[in-house]
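Asks: These came from TrEMBL, pasted as-is:
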TRANSMEM  30-48  transmembrane segment
TRANSMEM  60-80  transmembrane segment
TRANSMEM  86-105  transmembrane segment
TRANSMEM  112-134  transmembrane segment
TRANSMEM  154-177  transmembrane segment
TRANSMEM  206-227  transmembrane segment
TRANSMEM  233-254  transmembrane segment
TRANSMEM  261-280  transmembrane segment
TRANSMEM  292-311  transmembrane segment
Amino acid sequence: MLLYGYDPITAYRALLTGAFGDISGIYETLSFATPLILTALTFGICVRSGLFNIGAEGQMYMGAIGAVMIGGAMSLPAGIHAATATLFAMLLGGLWSIPVSILKITRNVHEVVSTIMLNWISFWLVTYLITYQLTDPMRAERAVPAQETARYTVIGASLTTIFPVVIAFTLLIYFIVWRTTLGYELRLVGYNPEAARYAGISIPRAVVMSFLLGGLAAGLAGASQVLGRPPSWTVYATLGNLVNLGFEGIGVSLIGRNHPIGIIFAAIFYGGILHGGRFMEFEAGVASELVRAINGIIIVALAIPELLSMVSGVVKRRRGKEVEAG
């Protein structure tokens, strides 16, 4: 930053005060963090089961269009409209993860390959639906917005009551993965598949449940951007208010050590960087490209230790299999 003639103290002060300096900034930071908590969960749950799921992006798209279908294109009573749209979004996100599970179980197709493929399919499918089937008659560049009865209540700035819903969902995932028999089985499969198989645990079931839980989280992330993110309350044809949230969740999960509680704090930290980065540009005059580069360096630096730990674990498991085979 000094090389480009900017004052780093002024710049980082602007970032921190913009993100956490007042209640409005905190609201915006939490709003940015909301979808990242969920897409990070999508990745983190599967990592605990020994899977590398980068399909949160596509599953989130499906959740968003599901929220548009119910929340924008249908009329329901105020008491159940938001809940119905949210559940339908989660359902679509979960269903979109099923093909990945099937390909993994039946053909041993690596999940990275299948999730990338499905990400692109969902991108163009949702783009088509927004452009030709669910277009806002008043503004052709976006889908029909969520109706008043389907919107979550605004707490302040762009933060809505979807945030406490997301926190509750995250705590539920924590309980399932760390406090139930199912969660123990998922983690054992990820830690030592051979030991899990010897103990009578169904590997295919663990794969399906991991992807399904992750898909539900990603679907809720999509709903959060439609039903719980003013002022648009919708999805644009370019998917500009959704693109990359799934991939950014990977970094958030790594910073949070792939643990639900850690992910909450990591997402708030990352949300603060995203929101506060604007103030680095506006108040300190830092070029927007440099702001994004600085943000990226911070995230990479924090995520590398967990990434190296994951890679080391994979290498050790493969060496163990080779020794057993030899």
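Cβ coordinates are placed from backbone N, Cα and C, and glycine is handled just like the others.
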Asks: Under 8 Å for C-beta pairs, could you tell me which stretch among 30-48, 60-80, 86-105, 206-227, 233-254 has the largest tally with the transmembrane segment (292-311)?
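Replies: When the Cβ pairs under 8 Å are tallied, 233-254 comes out ahead.
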Asks: Would you mind listing the long-range same-chain contacts of the transmembrane segment (233-254), meaning Cβ under 8 Å and 6+ residues beyond its ends?
Replies: 35-44, 47, 54-61, 64-65, 68, 72, 119, 123, 126-127, 130-131, 136, 140-146, 151, 218, 221-222, 225-227, 263, 266-267, 270, 299-300, 302-303, 306-307, 310
Asks: Which of 30-48, 60-80, 86-105, 154-177, 206-227 shares the most C-beta pairs under 8 angstroms with the transmembrane segment (112-134)?
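Replies: By Cβ pairs under 8 Å, 60-80 leads among 30-48, 60-80, 86-105, 154-177, 206-227.
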Asks: Which stretch from 86-105, 206-227, 261-280 shares the most C-beta pairs under 8 Å with the transmembrane segment (60-80)?
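Replies: Ranking 86-105, 206-227, 261-280 by Cβ pairs under 8 Å to the transmembrane segment (60-80) puts 206-227 first.
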Asks: Tally Cβ pairs under 8 Å between the transmembrane segment (154-177) and each listed stretch (30-48, 86-105, 206-227, 261-280), then give the stretch with the top tally.
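Replies: Ranked by Cβ pairs under 8 Å, first place goes to 30-48.
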Asks: Which listed range (30-48, 206-227, 261-280) shows the maximal number of Cβ pairs under 8 Å with respect to the transmembrane segment (86-105)?
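Replies: The stretch with the most close Cβ contacts to the transmembrane segment (86-105) is 206-227.
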